[in-house]
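According to TrEMBL, the transmembrane segment annotation covers A:9-28, A:89-112, A:118-138, A:159-179, A:191-207, A:228-246, A:266-285, A:297-318, A:330-347.
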Amino acid sequence: MSRFKLPDLSIITGIVLGGGAVMLTLFGNPVNSGICISCFLENLAGALQLQDSVRMSYIRPELVGFLLGAFFMAKQNRRFRVTGGSSPLIRFFLGFFMIVGCGVFIGCPIKMLLRLGAGDLTAVAALLGMLFGIWLGGKYLRAGSVLDRAQNLPTINGYILPGIGFLLLLFLFLKPAFVQQGFSGPAAQHAPLWISLAVGLLIGGLAQRSGLCITGGIRNFFLFREKTLFSGVIAIFVSALMVSLVSGQFNLGMEAQPGAHHSHLWSFLAMVLVGLAAVIVDGCPFRQVIKAGEGDVDAGITCFGMVTGAAMVITWQLRSTSAGPVFNGQIATLLGLIFCLTVILSYRKARVKR
Amino acid sequence: MAIKDKFFGNALDSFTTVSLAVLLVITAVMLAQHGAMALQEKGASVSGKELADEMYQKRLEQDKKIYKEVQRLFGMRMYTAAEEVLQKVQRDHPDNPRSFIYQARLQYNTGKMVEAISSYRQAVDSEPDFVDNNTPLFLGKEIMDHLVAAKTTLAQELKSRPKDEEVRKALDELLYLQRRVAGGCE
């Protein structure tokens, strides 16, 4: 009798992530964005009053769950390795611009897959943009453009981000006065705290074990035809599609799509930026959160850049609305692309000199 | 190094460890006190849910009073008279976004689709809660029904007048409104 073989962990993670995200929308999260790192970070920035849109202010328990789930899993499996010191400022701004790109598209790479899984064809331009950005980033990697090597750091460095996660968890329960929460808009659309937290912890733990990353999976496939993480990415899409179909949330087309716009060129460019920045920084926004939980201080710096970006995306209007991209967002996208290419160019030169 | 040596190896280490412990206890006590107070106030500091509900209730009652006559005339299909009363209300209450909803309804019912869409957009832009089904102000279903009906008319008009910028713009606004009513992140 042949032995029953479990699918690869990245596939399981993908299934839980895609299916769990759509389930969260059934429990109350905003439609098509059951899980979206950029939206969640915008909400977090609002909750901490780093931006002033009350309608976008809520400490998303899923986000805390991702961070702490990864932390617990890494500790449990002795994979909590504290490293850092690689190009911190560059990583900060790459994190910043990744969220700008997400803001202009209206969603991170996970949300892009969720939107596609729900039949939103406006996300196709974004998918093409991200594929192009990752492909281009892969070319640069092959040509030798890599950020500095990280080194081992004293353990306390690795505890700071999970510590912030615990603090945010405390804020969720204690509700101090300086934490604000919107009573209407996306902030009011959320699944019950315990469900969100449990799903976040589960996904965080699984993602730490499997190393699932949207951009990383596609990058590995482009570079080495390596399919492990890529299967996880496909699993996110397929499971989101299945749950959307079963739950009646599937709506194929370009019209009446929630949290979308029809400026396909800007969706494309915004996700080129996200894909490219993610390749340089080694991981999509979701992966950065997971890595920050497992002791990667560089990813922690990128997370700080992402939170700052999330706040500025709202305050400076560096984003899109359902009406399309705001001018500031278009300029910020272009600046982000310029920044990425400049970093790539300068690191290529640095390597050639060495 | 043994834990005891790490924390109490010499006088300075002992002082640091004791200070840390005292600070942790003080912080924990203060947080617990704050938490207890927040619980007593039912978390009013964070969500303001009850306040918000009260505010919505007041607004609904106020709107009911303000638009009573417009609603009556609208119900009797006396659209011209309703429009006249609405104009007066708009002068008296320029900050009340519900007037755009009534304006849109009147325009829709008198066949002015392009204007109706523009009014709905004004309404939604000035009061996003009209398309937020978590609030009592939600009117998304009505708006969507009107949009779906208007879309057929506008599509036909665009076929007969493909270069008509006004109709094209109205169709763009209609698609935008459909996305807003569909919800999602803003």
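Keep in mind that glycine also has a Cβ here, set from the backbone N, Cα and C atoms.
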Recorded stretch, among A:9-28, A:118-138, A:159-179, A:191-207, A:330-347, maximising Cβ pairs under 8 Å relative to the transmembrane segment (A:266-285)
A:118-138
Near the transmembrane segment (A:330-347) in space but 6 or more residues beyond its ends, with Cβ under 8 Å, are 90, 93-94, 97, 100-101, 104, 140, 145-147, 266, 269-270, 272-273, 276-277, 280, 316, 318
Among A:9-28, A:118-138, A:228-246, which stretch has the highest count of C-beta pairs below 8 Å with the transmembrane segment (A:191-207)?
A:9-28
May I ask for the residues of the chain that lie six or more residues beyond the transmembrane segment (A:228-246) and have a Cβ under 8 Å from a Cβ within it?
8, 10-19, 21-23, 110, 113-114, 116-119, 210-214, 216-218, 220-221
